[in-house]
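Enquirer: Before we start, here is the structure in question, set down as structure tokens.
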Amino acid sequence: MGILEVKNVNKRFGGLQALGDVNLSVAENSVHAIIGPNGAGKSTLLNCLVGKLIPDTGSVMFDGQSVLGRTPYEINQMGISRVFQTPEIFGDLTVMENMMIPCFAKRDGAFKLNVIRSVEGQGDIRDRAEAMLVDMNMADKRHMHAASMSRGDKRRLEIGMCLAQQPRLLLLDEPTAGMARADTNNTIDLLKQIKASRDITIVIIEHDMHVVFSLAQRITVLAQGTPLVEDVPEKIKGHPKVREAYLGESTPA
Amino acid sequence: MLGIKGKDLTLLGVVAVLALCAPFILNPFPQDSAMAQFNAGYPDLMQRFVIFGIFAVGFNILFGLTGYLSFGHAAFLGVGSYSAVWMFKLLSMNVIPAIILSVIVAGLFALLIGFISLRRSGIYFSILTLAFAQMSFNLAYSVLTPITNGETGLQLSLDDPRVLGTSVSDTGGIPVTNLFGLEMRETTTMYFGDWAFQFSNGYYFCAVLLLVSFYISIRIFRSPFGLMLRAVKSNQTRLNYTGLNTRPYTLAAFVISGMYAGLAGGLLASMDPLAGAERMQWTASGEVVLMTILGGAGTLIGPVLGAGFIKYFENIFSKINDNVLHQWFGGLPEGLENGLVWVAEHFVGSGWHLTLGLLFMLVVTFLPGGLVEGGTRIGRLIRGKTRRADEKSAQSKPAE
Amino acid sequence: MEAILLQILNGLDKGSAYALIALGLTLIFGTLGVVNFAHGALFMIGAFCAVTVQKVLTLSKITLDPTKTDFLGNPAQIKTPYVESWFGPDIGAALIDWSVPLAILFAIPIMLLIGVIMERGLIKHFYRRPHADQILVTFGLAIVLQELIKHYFGANQIATPAPDAFRGSFDFGAMLGMDPNVVIYPYWRLVYFAFAAVIIGAVFAFLQFTTFGMVVRAGMADRETVGLLGINIDKRFTIMFGLAAAVAGMAGVMYAPINSPNYHIGMDFLVLSFVVVVVGGMGSLPGAVLAGFLLGILESFASMNEIKSIIPGIDQIIIYLAAIIILLTRPRGLMGRKGVMEE
């Protein structure tokens, strides 16, 4: 049994079969990549995992519990964090405040009318946020407006915010989309370092094969809403079915 | 001190000094001088300053922090007033139970309306709150007449029971509102040469409550709860995917701001024990939006400044008439005088709302941060550009 | 049966006004992405165009008739409207009588001009600002326009009668073979409904069949792409704003005989029209029209005595109640598109 078990998931949008009988098993503490051409259903699958979409049929189990029918914040509280394609951060707040919010969510749960002690007075939260900022190499930016940072820094902050919740499963939706090569390499290094320093399962959806083959331990290839192959990276590289699926698409491997 | 420090403490101190010394500050001109019409230091007006200050401070907790623009907050003000007057009719003329009931009833009412309206966001939320407020207003005018006394408004009468007090005062009239015997309308006048300063019990009661309200608002702004509310405004998606449920946060903010409005409504009734449906009309909701924006939404002091500013100029501008204008421009050649008077009379007297509308457009267009931002900009100009770098980092903190 | 017909008819004139204002609001929102709280003020200005035309036409030369005296013993004054002395008494009187329809000719250029000035002078600067800012600045503008009208026309309602030919009522029920004297309907309300139907039809035909309309519809669907095609979308949107203003203005002109205008008639209609737009679905033109008539008729039904006796006060709140129920069950309104106003 993997930590994440997706069984026979189907999802239709009107006449379009976005996902057809998707089965997926992600082993605990592994890095699992989901690749596939545009429109293969990668994002739809991800949205089904975090509660943004509800599959028409099938089941999604996380650590033995079903996530179906739960809202995104409930699923997050179960231990699944998500990094978006375009960084979703609190642009109006400072970097430090951004980092403190997941720390509060971890400590206080989905809602707490916490009005007695000031934010300043929450030593434990400050320490944890500060430690995370140091981890992410962003301590010098703590007073900056999050919206005023570069895209690479926003991405870094978002990943840090997810990690601050100490999730058991981290979902990354094309984390290097739109990044320059240097930033992409930095992100790869960051993810490697994250994986090395803690027990965490990572599911990554990616277009850039360079990123996939640098990180993933297993790869699922999705085409037209159905898993085509699932194997270790070495086998995937030369797989005829994969080449077929990507026909006409450049594969910078 | 008091769990707040630094700039916040200074700010509270400034508001405290302003509120407590208002009878002096607002009466800078001798009472017989030509400028006396610009004095605002009489109890009626000062009470309005602080009561609408409380209203705006509460509205700001919702709008300033979460960005949810309610167009129906006057409903809570009205409900607060009705509750207070009923307390005066049934229980006693003591203001404390009246105000407590106002806050509770307004809070419950806000809980109901907020629970439904907050299922939607953006303009849909604004329209839902507007719809509820207009419904309340229309009902107060028509079917709910047994409770609200319809168009006439709810008033005290000699045959009200007042179980803990007396129905009729010693002099045979309707008893007056009081705080454990301290009459709200009682005013002491102090003479300093040509100056007359008025100190009213009612005003100071309101002022103390403004300070308490303002203090609570500071604590909310600086609390983790306040941080979450600002996060709601900034990015709800991220908040949801960070394991936080936005709805109870926004609902709590809505109820708290509704309670502030109820307190303001209760105070209005405590100073002048009557309540009418027009207090719930959507123009009244619009007014508190104007105050908050004009002062600076999302800042601590902004709503207080906005409320004071609007109420002061409303009072002063509407008192200026043709004669006053002709006096002012009297030294000029006749044609010019008449021309200037013609232009100016659009903006004063009953034209005050025109001035308000224009002012509001100018502020929204050029100074979205309101008076507070204006002050900050002027301050920056004065201090020069050498400290730009410091400003940059200071800016990233929430504005004071 | 008769009662139902009567209530539907009664709902039509208000429904027409809601639909016309909501149509303009939706055009502006759909094309420019701007929430225009000053739209009710445009309706009001239209109504005051009718007032102005009537006042101008009845401007009179005062002559003294020395043969008669009034009760104070002064020579009696005879007021002769200038139009009567210029065009002869018959044509002059007819002009005065038909002042409301004539006011449409006057209102169209005025409203187009006001619309274009508004868009170029103010709204343009708010395209990229949050909706809350747009609401606030147009709210400020609405106050300004309202106060200006109040300054020049006073606070009271000003009676603006319809032409003689359309005054009075007719027995609509009897015409349909029902019992006489049950369904009595004023002529002018029927005129108003027909007028509204023509305007609504014209707006839809314009958007459907002209190149201009096609570009505007494309712009409503995807503004940026249309902009990329090299089409000067801004200029068209300016004209669109002028047209929306003209529609609101004409709705106001024709409404003047039904409800004598005062300076806050616009605000009264605005609040309800916004409810209508939201109920119809932000950005949906058919939705706006449908919701306008639906709510107008619903309001008229709720004011029936039979219904009021069951649920007291329902007539006062029915529109808001309907809006709340529709918004809660259909989050995007009756015909709203996904993704509009949901940031």
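Note that Cβ sites are derived from N, Cα and C of the backbone, with glycine treated the same way.
All annotation found in TrEMBL is predicted automatically rather than curated by experts.
For B:45-63, B:94-116, B:123-144, B:202-221, B:248-268, B:288-310, the entry in TrEMBL reads transmembrane segment.
Mind running through what each feature is packed against?
Expert: Panel annotation: around the transmembrane segment (B:45-63), residues 19, 22-23, 26, 69-70, 73, 77, 200, 202-203, 206-207, 209-210, 213-214, 217, 220, 229, 253-254, 256-261, 263-264, 267-268, 271, 287-289, 291-292, 295, 297-299, 302-304, 306-308, 310-312, 315 of the same chain, lying at least six beyond its termini, place a Cβ under 8 Å from a Cβ of the stretch.
Here the transmembrane segment (B:94-116) has long-range neighbours at 72, 75-77, 79-81, 83-88, 128-129, 132, 164-165, 177-180, 184, 205, 209, 250-251, 254-255, 257-259, 261-263, 265-267, 269-270, meaning same-chain residues at least 6 beyond its ends whose C-beta is under 8 angstroms from one of its own.
Here the transmembrane segment (B:202-221) has Cβ contacts under 8 Å with residues 2-4, 8, 11-12, 15-16, 19-20, 22-23, 43, 46-47, 50-51, 53-54, 57-58, 60-61, 65, 95, 99, 177, 179, 184-186, 256, 260, 263, 267, 270-271, 300, 304, 398 of the same chain, all six or more residues outside its ends.
If you look at the transmembrane segment (B:248-268), the same-chain residues 6 or more away from its ends with a CB under 8 A from one of its CBs are 47, 51-52, 54-55, 57-63, 65-66, 68, 70, 73-74, 76-84, 95, 98-99, 101-107, 109-111, 113-115, 117-118, 205-206, 209, 213, 220, 225, 228-229, 232, 275, 279, 288.
Listed as Cβ neighbours of the transmembrane segment (B:288-310) (distance under 8 Å, sequence separation of 6 or more from its ends, same chain) are residues 8, 11, 14-15, 49, 52-53, 55-57, 59-60, 63-65, 69, 71, 73-74, 77, 210, 214, 217-218, 221, 261, 356, 359-360, 363-364, 369-373, 398-400.
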Enquirer: What else in the chain is close to the transmembrane segment (B:123-144), if you only count residues 6 or more beyond its ends and a Cβ gap under 8 Å?
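Expert: Counting only partners 6 or more residues beyond its ends, the transmembrane segment (B:123-144) has Cβ contacts under 8 Å with 68-75, 78-79, 82, 113, 116-117, 150-151, 277, 280-282, 285.
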